[in-house]
Amino acid sequence: MWTQRNAVGNWLLVLTAVIGFLTFIWIPQTSAECQTRSIYCYECDSWTDARCKDPFNYTALPRDQPPLMTCNGCCVKMVRHQRSPYEVVRRMCTSQLQINLFMVDHVCMMESSGNGHMCFCEEDMCNSSKNLHTNGCQLHLIPIAVAVSWLMGQLLSR
């Protein structure tokens with residue numbers, strides 16, 4: 001019985017190492033892509049500029065849209081108090097945030113209360129979208145990591 005449990009533990013350890021290695025190789029490449037080429041991002045806050053609110057009028061003439069800025073990073077869209085009369089939308093470039101792109105590239109993060117979110121994208125004017133969709137590059141790793149961690153915890157607690 002001990003050798004069977006040991007073999008399963010070793011298999012899970014190898015699987016975790018492989019996933020970690022692939023993540024280590026893959027994530028810096030996507031982060032670097034986001035940081036090395038210039039894109040245009042909308043720069044506005046719906047608190048002071050109604051043009052920034054959702055739904056965003058991306059078909060309006062450029063003079064009737066919020067200002068664009070050159071960005072050497074990713075575009076960001078933050079929503080606070082979503083689906084309430086106090087909803088605030090802010091669109092900007094990551095160069096204005098104290099944030100590590102290694103952690104957030106291609107990700108939408110939800111506020112713990114569920115009343116807001118922050119999304120990152122890397123195409124021109126992509127932060128105009130009402131629903132930024134991630135490309136799912138890293139998202140598939142989250143359930144795998146959770147499952148492996150749970151299994152390892154179960155095996156080690158026996």
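Cβ atoms here come from the backbone N, Cα and C positions, even for glycine.
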From the list CYS108, CYS121, CYS126, Swiss-Prot names as the disulphide partner of CYS119 the residue CYS108
From CYS71, CYS121, the residue that Swiss-Prot pairs with CYS93 through a disulfide is CYS71
Secondary structure split (DSSP) over the region 'Loop 2' (77-91) reads 0 helix, 8 strand, 7 coil
DSSP output for ASN57 (N-linked glycosylation site) maps to coil
For ASN57 (N-linked glycosylation site), the closest of the disulfide-bonded residues by C-alpha position, picking from CYS41, CYS71, CYS75, CYS108, CYS121, is CYS41
Rounded Cα distance, in Å, between CYS93 (disulfide bond) and CYS126 (disulfide bond) is 11
Cβ contacts within 10 Å for CYS108 (disulfide bond), all chains included, total 16
The disulfide-bonded residues listed are CYS41, CYS44, CYS52, CYS119, CYS121; by CA-CA distance, the one closest to CYS71 (disulfide bond) is CYS41
